[in-house]
Amino acid sequence: MGRRVTRSLTALWALHPELRAKEELQAREERFEKLEAQFKKRRKRPAEEIEQEEGEEKDEENQKKQPGLETPKKQKDFDKQKEELEKREAACVAKESVIQAQEAAQKKLAAEQSAKEAAQLAKEAELQSLEQRLKEKEQSLAKSQPAPTQLVTLAAGSVMLDKLSTGSLRYLEIQEAIFSTKGRGFSKKSKTITAIYVYSEAMSGTAINTCMTNFANYVGAGSIATEYRFHGTVSACATFSTTPPPPAHSALSPCRAETCSLCSILRRGFLAARIRTGSFLKFGHGFYTAKNSWLADGYVSPHGGGTHRALIVCKVAIGNVQHLRPGSSEHSRRSPDRGYDSVCGLRKSGSETVVYREDAIIPVGVVVYT
């Protein structure tokens, strides 16, 4: 029955448009009154509150357009955070570039080190191969060399020096010392080695053999380091100033003239009693030698203006070296200072090695050159 009443009222409402228009007008009046009340209320409020309210309404509209950004302050915070993240990202990229550059540099350094090691190994292998070839060549020369037609019979107490073959290891060792660029040695273009002589093994009962024994005892007792040095002096005979062809020149014996300093040293070694005196001894009363072959050559005086010159090759026990410069107080020196074994005299013309003991130096041979 209720449904019937509702339907009847609906039909009645449709049949009375004037009643419907009246109700709509009344609703509009109510809305107008409500808006008017709100307007009056807003007129009484301060302008700041109105602006704040309008701002909030705009924020609500912006929020609807951009979800998650409720206010301009949050927008500003968001932008700032985004900027910081971008900066951190750029810093990370820069650090990564630096790390990559460092890794590349380390790889390059490792490659260079490997190349150096490989080159060093190659040099060592080449040196071993060269030594092996030299040994084979020396053995071959020894087998193929005919026996000398003139045999030298060594009398008791005589000193002989044998000529080294150009392919022997000892010849090459002395040759390297003579032409050493580190020691400012001879130039191969300016000097030519004619022959190198060293002591024969059979020299028992000779003065030079005694010198060698004393030298070995002195060096061995304190494990003192030794090095090749050169000594130039006066020659008063033609033993080493002429070069007759082999086999007559395969061995030589020093002369016995006391005025021949070269042969005297080769026969008896370096003697303190034969050291000359004078102002030229810048570092005292000792035995002077030079690492520089060209410097020692300045003291060589061949016999009779001969074409060939002779330079004594020495072994010197340098040990702990004291470096000195020339001075008036050094002329009377008889030994290095305590704790030193030798003196290195620093001069404008070059450095000289000076020892003050007879058993600290021995001759080992002679280089004949032009």
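Cβ from N, Cα, C; glycine included.
According to TrEMBL, the protein carries these features:
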{"type": "COILED", "residues": "108-140", "note": "coiled coil"}
{"type": "COMPBIAS", "residues": "49-60", "note": "compositional bias 'Acidic residues'"}
{"type": "COMPBIAS", "residues": "71-85", "note": "compositional bias 'Basic and acidic residues'"}
{"type": "DOMAIN", "residues": "263-367", "note": "domain 'PARP catalytic'"}
{"type": "REGION", "residues": "38-85", "note": "region 'Disordered'"}
Overall pLDDT for the domain 'PARP catalytic' (263-367), taken as the rounded mean: 87
The domain 'PARP catalytic' (263-367), counted residue by residue under DSSP: helix, strand, coil: 23 helix, 37 strand, 45 coil
Helix, strand and coil counts within the compositional bias 'Basic and acidic residues' (71-85) (DSSP): 14 helix, 0 strand, 1 coil
